[in-house]
């Protein structure tokens, strides 16, 4: 650094004082970890070739499509039903306020600031827990291999709806058994099953007696699975540019169908009884801890926190985008959709209870069966039944594709962030990478379209969506809110938007959300039950495979931590300290993670000269 040997005149003296002041401020900033993090934005913000959404509304719609999925149509009404109807809405809305919105805000801030998918964003923010990013990609990829099976079933029902009467309307079919009945009433044998149940089990699935019997390939389902992946590929093969166009339809059209179904259902006899069950709380249920844990878990699963999907999507935002607006729109729209779907489903429950002359609380309802057994059974007796069935299953297709977009995009974004150069040299075009990801997931999904498929599906869903996700969520919040820190996160937001998060979000990030997720994780472990499908209990070897599936995502967390501690230099204590320091890995690799001081952050409102000029 150069210094002046001779200073003469008041102007030079003033300049010297000013220069020393700037140097002092700069040294102070570089010692402050929060301000040091803000200086990193220079390089990330100027990343060449990073695509962005054509319009910000496209990200908002894609986020809504990602959050609003099949879980809003079956899991939310099912949990409401099991938790005493309206009583579930109280903890559900409270958990949305104190956990759902703050944690979604957290993910979007990190994704937009880092301009990377979950793998690299978390590796930069907290090197010790960089494995959380890898785990989110692993769980998203595992889920997309079997989530598309639900879309496949929806396509099967959609094509089967183009006939009258509907094929699940009566027991006069070749696949029906002697114990088939058109509907269940209190006097019906417990060994009987409805025409709708038998269509699902014996016509579409042709299921075997258990996971020990693999059966043969269901060619109809195989071709529909291929069709589902072809549809998905052509919706996302151009990245955010093509996805942004598709979501205008897939995110908005389901609401048209939901409103049409609601208008039709409320006119059916008995519908108001179902709606009363939905909105009038059974206050005694609020004393049960399980209801509160289920409400928190539903918010968590529905919005998609821990999957990395929305973090990956937000990395394509403009750097100064108003993230709070997107957070509120996505999370509130998601919950309002669940409530709207609740009115649609419970009005149908009321109609079914009227037909069967039993209370709403005694209907047989479970998870996927709600969509593919119970609701189709209600369609069968509605006026113009095929029309409503076609609309409903087309809506399921739109909802499923939206969520699938996001899960595949996590994998593609992470591969491009980490291996973009080598991959493009080999594949030439990003479209080929998307094709490779979709083809791999399609091949891994083939076991689900065999006759044993429903058992494989249930096993994977149980150990992925229930076991793995809770561990992932816990470590993600620990990495971002705990080790990266609320202070840094707040500084990142101020650099992007000019405003820090208010006290409500900071309190939720520091105390409320970590506490709630810890409670959910502990409760999940204590209450854990082995996978089962209806009355079938999986053998020990199948449960073992389930744990292998669960570990396929969880294992990356400890592996990532060990790798970080291995590559960092120094004693164990020094490595441990560096491992919880943002950007430590990049600094050790000699990357110019910290841009030149001339690229000043929003905290330095004064305009400074370039580095060399200032030093001179």
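Glycine too: its Cβ is placed from the backbone N, Cα and C atoms.
Heads up, TrEMBL stuff is auto-annotated, nobody curated it.
Range with TrEMBL annotation transmembrane segment, chosen from 40-58, 59-77, 173-191, 192-210, is 59-77.
Feature annotation (TrEMBL): of 17-39, 408-430, 546-568, the stretch labelled transmembrane segment is 546-568.
Of all ranges given (463-486, 583-606), TrEMBL attaches the label transmembrane segment to 463-486.
Spatially, the transmembrane segment (59-77) is not adjacent to the transmembrane segment (216-234); fewer than three Cβ-Cβ distances between them are under 8 Å for residues at least 6 apart in sequence. Against the transmembrane segment (328-352), stretch 89-110 shows more Cβ pairs under 8 Å than any other of 89-110, 372-401, 507-526. On a Cα basis, residue 171 (disulfide bond) lies 37 Å away from residue 65 (Na(+) binding site). Under 8 Å, Cβ to Cβ, and six or more positions away along its own chain, residue 68 (Na(+) binding site) finds 251, 254, 333, 334, 337, 399, 402, 403. Using a cut-off of 8 Å between Cβ atoms, the transmembrane segment (507-526) and the transmembrane segment (546-568) share fewer than three residue pairs, counting only pairs 6 or more apart in sequence.
Reported as a whole number, the C-alpha separation between residue 171 (disulfide bond) and residue 302 (Na(+) binding site) equals 36 Å. The binding-site residues 302, 403 differ in how many other CB atoms lie within 10 Å of their CB, and the one with the most is 403. If you measure from the Cα atom of residue 302 (Na(+) binding site) to that of residue 180 (disulfide bond), you get 35 Å.
Sequence-distant contacts of the transmembrane segment (131-159) (same chain, six or more residues past either end, CB-CB distance under 8 Å): 70, 117-123, 204, 220-221, 224-225, 227-229, 232, 306-309, 311, 368, 372, 376, 389-390, 393-394, 396-397, 400-401, 403-404, 406-408, 410-411, 414, 441-442, 444-445, 448-449, 453, 456-457, 460-461, 464-465, 468-469, 472, 475-476, 479, 549, 552-554, 556-561, 563.
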